[in-house]
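In what follows, a structure is listed as structure tokens, so that the remarks can point back to it.
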Amino acid sequence: MGLSMDRSPYARTGDQQRGCWYYLRYFFLFVSLIQFLIILGLVLFMIYGNVHATTESSLRATEIRADSLYSQVVGLSASQANLSKQLNISLLVKETVMQQLLTTRREMERINASFRQCQGDLITYINYNRFIAAIILSEKQCQEQLKEVNKTCEALLFKLGEKVKTLEMEVAKEKAVCSKDKESLLAGKRQTEEQLEACGKARERQQQEQQVTEENLRKVQSLCIPLDQEKFQADVLSAWRDSLIYRTLETLPYHYQLMPEYASLRRTCESLPGIMTTKIEELARGLRAGIERVTRENAELRRQKLELERAAQAAQEARARAGTEAQARETQLRAECARQTQLALEEKAALRAQRDNLERELEARKRELEQLRTEVDVRISALDTCVKAKSLPAVPPRVSGPPPNPPPIDPASLEEFKKRILESQRLPVVNPAAQPSG
């Protein structure tokens, strides 16, 4: 079914793909046709052409031509030798010229690259001129600010010096006052110690007197307390009856008893125990009054002793409190003086540090400006060299000063420019240190 559709002349051309054999049939058909035409031409040439006459004439012409060609070959050989020599020379010259051409091309490429780099550097440094002008202006402003800061710093240093002198005078005055207070407190302390010592001695003496008085009081009390009037009177009567006088009076004869003197003497002797009792009672009352008086005096002495102890303790406490207050006042004054002095020194150090920072910044900006000027001069000279090497009528740009109306400087661009300059100046310092270590 597929073969019938392939061989049909009415078959559609886009239905199936044609194979290699389909194209080979037409190729062999055309090859056979060409072979047939060649054979037919040869047969006609052999039939209708004069082969011998044509061959002789062709042979003579060929000999003549061979002779001429031989002569030409000999001449050409000689010319070939000459040309080969010239060719060798030309090849050497060509190689030399090619080397010079390559060298010239490399030099030209290098000069072109250098020229392009110089053009880029020229554009860059033309843009840098604006930053350099801004740096110069900022340097002038920094110098003016440094002058103002120096004036302010000198004024502040003068004020601080005056303040330090005033504080030193106040400290000297306070020290004098403190020394006077200290001397007065020491004198009060010595006086208080003397009073305290005197009070201690008086207390010891009073204690000794009190002990003696108490011992005497105890003795008197031990004697007076057990005294009983009736018992004492009975003891006196019994002692009277046991006495020699009573027995003598009792043993006297009767006629002596009738005498009036005997009666008065007997009454006197009998009333003697009562009189003694009365006297002893009066003596006891006097002793009791003395004991009470001594007791009151002892109580008064104890009270005075307590008052003196309290006064001594109060004086000691006042002395300690005054010493503590004076010491605290002296410490406070010293701390205040030290704080004021430290503040003055810190302000002075801060002002000096600020002035040193401004001076270092000014020096750094001066160095940056000098480096930029040197680098710009080097780049301009390199650019002039490149321009002369290219032999182009290029006019070097004017970098002597900024344009009359420069555009405003972007602070971020200016900081970036400063950062690049610092990095470019920092790199040569790092590389020499890194080379010996490797």
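In case you wondered, yes, glycine gets a Cβ from its N, Cα and C as well.
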- With Swiss-Prot as the source, which of 56-76, 77-97, 140-160, 413-433 is set down as coiled coil? 140-160
- Rounded to the nearest Å - Cα separation of ASN150 (N-linked glycosylation site) and ASN112 (N-linked glycosylation site): 53
- Residue list, the transmembrane segment (27-47) vs rest of chain: Cβ under 8 Å, 6 or more residues beyond ends. none
- Item | Tertiary contacts of the coiled coil (189-224) (same chain, 6+ residues out, Cβ under 8 Å) | 284, 287-288, 290-291, 294-295, 298, 301-302, 305, 308-309, 311-312, 315-316, 319, 323
- Query: In terms of Cβ proximity under 8 Å, which residues at least six beyond the ends of the coiled coil (140-160) contact it?
  - Reply: 344, 347-348, 351-352, 354-355, 358-359, 361-362, 365
- Message: I'd like to know which of these glycosylation sites, ASN88, ASN150, is least surrounded, judged by other CB atoms within 10 A.
- Response: ASN88
